[in-house]
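The structure appears below as structure tokens.
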Amino acid sequence: MSLSRLLIKDFRNIENADLALSPGFNFLVGANGSGKTSVLEAIYTLGHGRAFRSLQIGRVIRHEQEAFVLHGRLQGEERETSIGLTKDKQGDSKVRIDGTDGHKVAELAHLMPMQLITPEGFTLLNGGPKYRRAFLDWGCFHNEAGFFTAWSNLKRLLKQRNAALRQVSRYEQLRPWDKELIPLAEQISTWRAEYSSAIAQDMADTCQQFLPEFSLTFSFQRGWEKETDYADVLERSFERDRILTYTAHGPHKADFRIRADGAPVEDTLSRGQLKLLMCALRLAQGEFLTRESGRRCLYLIDDFASELDDARRGLLASRLKATQSQVFVSAISAEHVLDMSDKNSKMFSVEKGKITD
């Protein structure tokens, strides 16, 4: 599916916008602070229920307004789907799909698989493990129908178990939680391991094209010792967990490590190389989804020109075109994206929250 129309109301510095979009490349050009990133963020929020630059809802809603409203029209090969999201200052959300209320944000995420490439996205490579878990979980969510429910239940059980650790004195008192937690943890870890194995070749091939000077390796770490039953780990770690008042081992501690020539990429690669690697990983993940399910991602790319020279921008542009996906690109100057444009592209000018084509 592609987003054929986007309506934005009271989001960031955008009062009202109604955009007719290209199913191919859409360029957002404007000075820093003009609102071009806000358009990308509106699309991302419509598909995720939250913004990517701030978790504080008050910063996302336009000044002195009570709520933002986002509406989109998704065009598929056989049908059109209408989607909407409203969120107020209290954080209450309303999701509407095809004119009916009561839907979940996860349904929007399923309808709009998207890949985000921003200057802040370096956290995938040099941030904590939670960012790389999120990378794997995106793939599991779109590959495994039961993943989201299992993941939600895991979060709930871990929260309850951690609260119980403050009150219990013997491991036997935790067994009711662990009886539910253990099979969930093992299932989620299995899904993550299978996904990381399945996508490994795609990542290796794409990374080789973007960074041929490095030998890159990927390894999934499930969050507890290899060849050890999670039940044994939980029981053996009880006293330490009780002192810490949290569960120290499990899928919530998993990681997906990436090395270049045997060393952590964050210690080896320059910022430009890290951006190329981030782009390669996002592309590989999107292309894997298309091959496995026939569904195409939306790609959101903020500040396209930063950190990349002309040759590398050209490589990224050609790979994005090859996906035949819908792509949204922000840039300070139209010169940075003109070589990516064709007769099906749309160029939007953004100035002080006003968007024109």
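Our numbering is plain: 1 for the first residue shown, then up by one each step along the chain.
Just so it is clear, glycine is given a Cβ too, placed from its N, Cα and C backbone atoms.
Copied over from Swiss-Prot, here are the features:
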- GLY30, ALA31, ASN32, GLY33, SER34, GLY35, LYS36, THR37: ATP binding site (BINDING)
Candidate with sparsest Cβ neighbourhood (10 Å radius) among GLY30, GLY33, GLY35, the listed binding-site residues: GLY33
Conformational class of ASN32 (ATP binding site) under the three-state DSSP mapping: coil
ATP site shell beyond GLY30, ALA31, ASN32, GLY33, SER34, GLY35, LYS36, THR37, criterion: Cβ within 8 Å of Cβ centroid: SER38, SER330, ILE332, VAL350, GLU351
Cβ-Cβ distance under 8 Å to SER34 (ATP binding site), same chain, at least six residues away: VAL350, GLU351, LYS352, GLY353
Helix, strand or coil at THR37 (ATP binding site) [DSSP, three-state]: helix
Residue among the binding-site residues ALA31, ASN32, LYS36, THR37 whose Cβ has the most other Cβ atoms within 10 Å: LYS36
